[in-house]
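Below you'll find the structure, written out as structure tokens, and then a few comments.
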Amino acid sequence: MLRTVIIDDEPDNVELLAMQVSRHCPQIEIVGQFTESPKALLALRSLHPALVFLDIEMPMLNGFQLLEQLGEISFQVIFVTAYNQYAVQAFRFAALDYLLKPVDTIDLVKSVGRAEQAVKRSSSVWPIPAHILNEQLEMLKAHYPTTGGGNSAAPSKFALPHANGLAFVDTGQILYAESDSNYTHFVLDNGEKYLVSKTLGDVQELLESRNFLRVHRQYIVNLGHIKRLVKGEGTYLVLSDGSTIPVSRQQKERLLERFGWV
């Protein structure tokens with residue numbers, strides 16, 4: 001059973017989420033429900049939950065401040081927010097899980113399933129080091145709509161999960177992303193490679209507003225690293241590290257338009 005705490009300043013939200021969890025997530029045991037974040041902060045130190053559902057917009061201590069005061073954490077966090085679009089993008093870039101209010105049951109079950117798997121994988125490396133959590137929170141706060149961040153500005157870093165935690169990579173370091181079924185390989189300009197459990201379609205949604213373009217069913221490239229386009233029956237790109245990336249016939253015109261080539 002996953003020992004779970006729910007924190008939200010709206011009592012109705014707490015009750016509704018607790019009811020949804022009880023009905024649809026049998027692996028969860030709710031050990032605490034809080035509407036005041038300072039009380040929740042004190043209780044978290046003694047309840048030892050495996051999972052916390054955490055609202056962000058709360059008086060006294062918001063969700064970000066609560067986690068920062070904890071320092072190292074030994075539980076999975078699922079943020080619950082009333083915002084969408086820009087908030088969703090911020091969560092994805094920071095590699096943090098989230099649910100949108102009103103909470104959809106299918107999304108809830110999926111998020112709990114991910115948390116359960118993360119608990120099983122991560123038991124040997126907890127607690128999460130404070131510096132990793134802080135970097136994730138800083139990325140999230142910088143682009144979350146209520147924090148004064150640039151909800152129209154593109155995050156300059158991308159959180160890439162790996163076996164030992166997270167790598168925070170400048171988007172300019174990414175040469176290209178390559179599809180591998182339900183996974184995506186990220187290749188950096190320093191030779192490092194990361195395998196992420198997201199499809200290339202998921203990655204495309206995050207990257208294409210950040211000087212990246214999908215040029216093939218298997219590849220998304222950083223336009224800033226393109227050195228040459230070699231035309232012919234097998235059109236391909238040459239990147240700054242010398243690697244070559246095929247360009248599909250369907251994407252060739254889109255690529256040329258992006259650069260203003262004729």
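Every residue, even glycine, has its Cβ placed from backbone N, Cα and C.
Features reported for this protein in TrEMBL:
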DOMAIN    3-116  domain 'Response regulatory'
MOD_RES   ASP55  4-aspartylphosphate
DOMAIN    158-257  domain 'HTH LytTR-type'
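The Cβ of ASP55 (4-aspartylphosphate) has 25 other Cβ atoms within 10 Å, all protein chains considered. Broken down by DSSP into helix, strand and coil, the domain 'Response regulatory' (3-116) contains 53 helix, 28 strand, 33 coil. For the domain 'HTH LytTR-type' (158-257), the DSSP-based tally of helix, strand and coil residues reads 23 helix, 49 strand, 28 coil.
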